[in-house]
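See below for the structure under consideration.
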Amino acid sequence: MSSLLCGILLLFACHGNANGAPKCKYSDASDFLENYNKEANSLQKKDTLASWNYETNMNTANKIKQSKLSAKTSSFATKSRNEAKCLLDSTSDEDMTDSQKRQLKLITRTASSSDSEVNKKMSKLVSKMTAIYSETKIKKKIDKDPYEFKLNSHLLPIMSTVEPKNIGNLKWAWNVWRNAVGPPIKKLYTKFVDLANQGAVENGFADYGDYWRQEYEVNDLEKQIESILEEMNPLYKKLHAYTRYKLNRKLSEDVVKATGPLPAHLLNMWAQNWGHLYSILEPFPEETVPDVTNTMKKKKWKKKDVLKKAEEFFVSIGLESMPDTFYTKSLFKKEDGKKSVCHPSAWDIGDGDVRLKMPCMGVSQQDLITVSHEMGHAEYYLLYQDQPVEFRTGANPGFHEAVGDTIALSVMTPEHLKEIGLLSDYSDNAEEEINFLLKQALQKVAFIPFSYIIDKWRWSVFKGDTGPDDYNKYWWKLRKQYQGVAPPEKLKRRKGRSKELFDAGTFFHVAHNTEYLRYFLSHVLQFQFHKALCDEAGVSEDYHKCSIYKSKKAGEKLKEMLSLGKSLPWPDVLKVLTGSKTLSSKPIIAYFKPLEDWLDEHRRLNRYELGW
């Protein structure tokens, strides 16, 4: 073997031998995987624990420890990847089991460049973009006094209040955030795209977007997604038309036209969740959507009661109890002298050590739903913990979120809240049902087009079809096409959305380079999971009323699916629970069928248009 070829194959730990095949450190896949799983398990545990220590006590010392362990883990991953590639190249399929082959392929999967400088530059760019997003402050004088506005503590609260007297503030907050954050991130993002593609192409992908898509292991991913959107389009358009009609009547024709796209600044900062509009859109104000927070307070519930009641749900369907360490090592309150972010998250430290980080947890109906969702992640961790390291994750990136949301669909039903003694005066009439479903739709249905265009836009950028000068133009083309949303009316100082702006980059997951299609899939999958589990529990209609509480049969089916982790391609895992290998919009459409029928009747009576 020539020295040139050996240099090219250095990545595969190549050393020439008589047969021309790469010479690997390990003689067979079995020996390598046994050692890999042992070392990876130990290192992952240390790395995750260091991350936990930092996220629950954000100081410089913990950050340094986290960075050191992260670097060590990265180095181990690179060495393991090279050996796994070598074994895949030198071992015949007959000499490996399907499981071994799958583990090796998952170990080798990366878009990182072999040039460490490229990876360092990418990491620095992402850190800088994230810092711009997280640290930007908007300066403004009010009555000649200077003020600083931050995103989470100031701008988002402004965006959550939609009423006639606040429209000017909404438009101001919407614009100043994009003007301040977009342009500086754009300068970095264009460089990031080039570096990300460099690593992806080096590893055999067409571009970085192709690397993301191949994670899903299906050749017709985009076709499946477009099919889902086409099937859901009638329901989405009806929700959109109803929202526009109500906003038009509440805010006037000058603010919201009776036809055309919805103004983006009325739909929260990014228009992905319309839940804050419920008080304006509520179909039957005289009827209420259940909120048992007051009942919890009257019963003098503590945080422990919320946690135990959530755990009881899982145990009732035959899933795992939380280990004792869950209660002693999780974080459920802010600790003096320790900085942590409120955003809740579930953690798999390893070897059955599962935790929740919820430093701002309270005692409310929303806390019960959130805890149930996060505990769903913890159950998933516990159920696949005996799998090899590479299989200890969701079947695809959308599965984990879908599992948590599936449980929440049962927990939030009035029927379940009555069953656990938190609701007594819910009459279950048609008006309350429509209120409940509309509130759900403003979060679930409104989100789906947005969750697709984030990555559809990035796929085009990574592919090279959309260059920097067209970033904003293509972004707003997608927003209008799929969401029926448009930017606020142009400001006097500027004609439309300038190509210098970078509105897509003002969304966290773009700045932080986090793939977003997982959230689209989770919103579709959760309803597939929910329907399948309800069918197992003996409920074959009115899925919006179904709770699988106490159904051991449903729990057995869920447990069977979750225990597989990523050991099989996700369509095969999906089939275990649903009987089908494909994504389907039918369950989510069936769930919202009573609302869709009501929207049809409302539009017939009030004669307003569909579409934009």
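Glycine too: its Cβ is placed from the backbone N, Cα and C atoms.
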**Q.** Matching residue for the Zn(2+) 2 site, where TrEMBL names His373, His377 - out of Glu390, Glu401
**A.** Glu401
Q. Do any residues at least six apart in sequence from Glu401 (Zn(2+) 2 binding site), in the same chain, have a Cβ closer than 8 Å to its Cβ, and if so which, in order?
A. Arg518, Tyr519, Ser522, Gln526
Q | Cα separation, Tyr216 (chloride binding site) to Glu374 (active site, proton acceptor 2) (Å, whole number) | A | 23
Q: In whole Å, note down how far the CA of Tyr216 (chloride binding site) lies from the CA of His377 (Zn(2+) 2 binding site).
A: 20
Q | Per DSSP, three-state class assigned to Glu374 (active site, proton acceptor 2) | A | helix
**Q.** Long-range Cβ environment of Tyr216 (chloride binding site), under 8 Å and at least 6 residues apart
**A.** Asn396, Pro397, Leu517, Trp570
Q.
Take the mean position of the Cβ atoms of His373, His377, Glu401, the recorded Zn(2+) 2 site. Which other residues of that chain put their Cβ within 8 Å of it?
A. Ala346, Glu374, Gly376, His400, Ala402, Val403, Gly404, Asp405
